[in-house]
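The block underneath contains the structure these notes are about, expressed in structure tokens.
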Amino acid sequence: MPSLLYTGRIILSLDFIIFCLRLMHIFTISKTLGPKIIILKRMMKDVFFFLFLLAVWVVSFGVAKQAILIHNESRVDWIFRGVVYQSYLTIFGQIPAYIDGVDFSLDHCSPNGTDPYKPKCPESDATRHQPIFPEWLTVTLLCLYLLFTNILLLNLLIAMFNYTFQQVQEHTDQIWKFQRHGLIEEYQGRPPAPPPFILLSHLHLFIKRVVLKIPARRHKQLKNKLEKNEEAVLLSWEMYLKESYLQSQQDQQRQRPEQKMQDISHRVDTMVDLLEMDRLKQWGSMEQRLSSLEEQVAQTARALHWIVKTLRDGGLGSGEDPPTSAHQKASERQDLELDGRQEAEDLSHAPHVNARHLFYPNSPVLRFPVPDEKVPWETEFLIYDPPFYTAERKDQASLDPMAKNPKGRTGLRGCGSLSCFGPNHTLQPVVTRWKRNQDGAICRKSIKKVLEVLLVKHPLSEHWALPGGSQEPGETLPRKLKQILRREFWPSFENLLRQGTEVYKGYVDDPRNTDNAWIETVAISVHFPDQSDELKRLNSYLHACDPRMAIQWQVVDRRIPLSTTHKTILQKAAALYGAYY
């Protein structure tokens, strides 16, 4: 239609602008450009508020300027141009030439306003053709107008843009994820073909519904709520992400200059401790000799006390009690203090941690993630669906498959790699002796005596451990202890265990624990107070059946390389004898 060709071209031109702006919506999938589009959208809101303030200044200045310069302009389009359009262009530097009368010329205006292509001339003298409006007033208004619009309002707009940019930039990753989700939802609920090929989708839909009479099916929407198994998978995925994030944070922490300075400071502290230990060793010989002298004086005092008592019983001497030495009084006070600390504390009142490690040891099994607040059985955990795992063992026995871990959920059902359902009992002998110097005197640290403990390191383990573990049916000694002792010494060590002192009995937080099987241990202290023949026999019968296994006496200290459970047991044994830890 030739008469509407130009109108159609205008419409297509406007449509092309909208199409190009709509094309920016595709870039929301980009992690870099997506947040920038959000910044532009929010800046548009800032622009609308800014335009409201700007319109007040533009209209006020434009109306005042038009009323002062032009008299009785009757053309509406030229009134709009003078009031709004020219005032708006003035912000960008297009100042009207006739506003100050310097560049006034009748050639650029229409005196009576009859020329449709020229504005009406401002107020002027008909004879001299000079402007008669107050130039000082129009120039002053122009300066104030430019001051407030160009400096005040435009800087306010820049500040608003800067605030919006910073606010979005701080949450770029979250905004991009929400944008991506919204774009996926949009394309999920719309036909796949883009314009103009979308007409083919509408044609196909028309044929299916109207011609072929195929009933409409509800479009499958994205899920808003996960099923139980899907939520469990999500928890496992979050657990993976958490561990990956923590590992990356640890790696970054190690690379930070502050951490490197802290490591250097720790090394310096270690060197200072070593130097301090050397200094103490220099003074140690004298201190140990004094300690040996104190023991000899104490033995002499006891011998004199026995002699006096014997003589008195034989009828010789006075009936008064012999005087008590200060050393004997101190020993009695120390014994009373030790008697007051006989009751041992529990290993931990907190929920087990090692028993909830994601990877079950020596197997490809993954535990069901259990948060700290969901560990107790009394707490409701509807989606809790742990996998079942029982390793194939020839010596495995089933006691109570329905037994429940007394500490709570572990994320795994079954027997795991343990021998039986329910409690799996172990025995942990804590074999200790006093550390002595070359003169045979007992070493001391912080006034307290220093203990040495017998430890074992297995080939597949990174830590040292107490020589204990599970027992064979009908046997007294643990299997691991038999691996480091010759058979000839087994009966003697059984007698030592029967004479020993129990320091702990109860639950052990072990990575092998499950919901239906767990480890309970009994820790017995076997202490050699002096260099007796029994201790020498023990040292002579120590022999590892595996050459890769290590056996060693180590000084009892909080820095000893043991697991948390064994450290706690060893601390109780040290407290039992008032030794240093």
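Backbone N, Cα and C atoms are what each Cβ position is placed from, and that goes for glycine too.
Caution: TrEMBL annotation is automatic and unverified by curators.
Summarising the annotation, TrEMBL assigns domain 'Nudix hydrolase' to 433-576. Under DSSP, the residues of the domain 'Nudix hydrolase' (433-576) split into helix, strand and coil as follows: 39 helix, 48 strand, 57 coil.
Annotated region 'Disordered' per TrEMBL: 314-335, in sequence order.
Per TrEMBL, the feature transmembrane segment maps to 6-27 (among others).
As annotated by TrEMBL, transmembrane segment applies to 47-68 (among others).
Look at TrEMBL and you will find 136-158 (among others) tagged as transmembrane segment.
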| Chain residues in Cβ proximity to the transmembrane segment (136-158) (below 8 Å; excluding those fewer than six residues from its ends, i.e. six or more beyond) | 46-47, 50, 53-54, 57-58, 61, 64-65, 68-69, 87, 90-91, 95, 99-100
| query | What average pLDDT does the predicted model assign to the domain 'Nudix hydrolase' (433-576)? | reply | 86
